[in-house]
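Residues annotated as N-acetylserine in Swiss-Prot, with similarity to another entry given as evidence: Ser2. What Swiss-Prot records for Lys57, Lys228 is N6-acetyllysine. The feature Mg(2+) 1 binding site is assigned by Swiss-Prot to Asp116, Asp121, Asp153, with similarity to another entry given as support. For Asp121, the entry in Swiss-Prot reads Mg(2+) 2 binding site, with the evidence type similarity to another entry. Residues annotated as phosphoserine in Swiss-Prot: Ser250.
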Amino acid sequence: MSGFSTEERAAPFSLEYRVFLKNEKGQYISPFHDIPIYADKDVFHMVVEVPRWSNAKMEIATKDPLNPIKQDVKKRKLRYVANLFPYKGYIWNYGAIPQTWEDPGHNDKHTGCCGDNDPIDVCEIGSKVCARGEIIGVKVLGILAMIDEGETDWKVIAINMDDPDAANYNDINDVKRLKPGYLEATVDWFRRYKVPDGKPENEFAFNAEFKDKDFAIDIIKSTHDHWKALVTKKTNGKGISCMNTTVSESPLKCDPDAARAIVDALPPPCESACTVPTDVDKWFHHQKN
């Protein structure tokens, strides 16, 4: 959306790579805390972390100052999601709704599990392949309750408000009708995507059924309330950085110069990306249970 821009630091697909967000004044901001949850009435902001069809597991760095987007790392190795046949990378634009938080200290009444300590995830199903760090306005359509290694990990289904077909989508049943097979593929993808890494299949609440728009919005609002408690230090942040530039009631609000100092301490932008390992293109075949 207009008003937000990105600035890369270091080379893409490197351990040092970061994507910082800026506001309309060119000042650095946190995509987690400073971008409003709402873009308009009944329209939510979404921070795109992973463009559709790509494999690099990019995410908001919740524990880093200003929460830039970076590639997830495990045992000093950059993480890429596997291509689990018949899928290529992520099958939607994947990201998060800002100013939300799935509280690891809160036992969700629907799933019986605590939150995963991240902003709530979004799968954007429109036709455009978005850019990493792009901020879009989305219409929420429904939600899936995934249980990831014993933690609640909600997956919001939404569509870009700028999509030419957005007016035709108003609830989860419209996705079933207009994109047959997409929701079933979404469940299958989330169920099995960690199997190539040697992990078990993920589980779901509600027998892997998608809940409707109203249910989804209620869940988003509850995660927004948890975020408010987080950013105002009324709850334990579990190591999360709440440094921000706009939340007046937050004790961790900083001025633009302090935010700039965080970015200036990092390596400069790099025109060329690092080489992506060739095995990222490998296709994995796994028998469905």
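Glycine residues also receive a Cβ, built from the backbone N, Cα and C atoms like all the rest.
For Asp121 (Mg(2+) 1 binding site), the nearest of the modified residues by C-alpha distance turns out to be Lys57; the candidates were Lys57, Lys228, Ser250.
In the three-state DSSP scheme, Lys57 (N6-acetyllysine) falls into the coil class. In the three-state DSSP scheme, Asp116 (Mg(2+) 1 binding site) is classed as coil. For Lys57 (N6-acetyllysine), the same-chain residues lying six or more positions away in sequence with a CB closer than 8 A to its CB are Val50, Gln71, Asp72, Arg79, Tyr80, Val81. Long-range Cβ contacts of Asp153 (Mg(2+) 1 binding site) within its own chain (separation 6+, distance under 8 Å): Glu102, Asp116, Asp118, Asp121, Met146, Ile147. Each residue in Glu102, Gly115, Asp118, Ile120, Met146, Asp148, Glu151, Thr152, Trp154, Lys155 lies on the same chain as Asp116, Asp121, Asp153 and has a C-beta within 8 Å of the C-beta centroid of that Mg(2+) 1 site, without being one of the site residues. Each residue contributes its Cα atom, and for Lys228 (N6-acetyllysine) and the residue listed as 'phosphoserine' those atoms are 9 Å apart. All protein chains included, Asp116 (Mg(2+) 1 binding site) registers 21 other Cβ atoms within 10 Å of its own Cβ. Here the residue listed as 'phosphoserine' comes close to His33, Val231, Thr232, Lys233, Cys242, Asn244: these same-chain residues lie at least six apart in sequence, with C-beta atoms under 8 angstroms from its C-beta.
According to DSSP, Asp121 (Mg(2+) 1 binding site) sits within a strand segment. For the recorded positions Asp121, Lys228, the greatest number of Cβ atoms within 10 Å around a candidate Cβ is found at Asp121.
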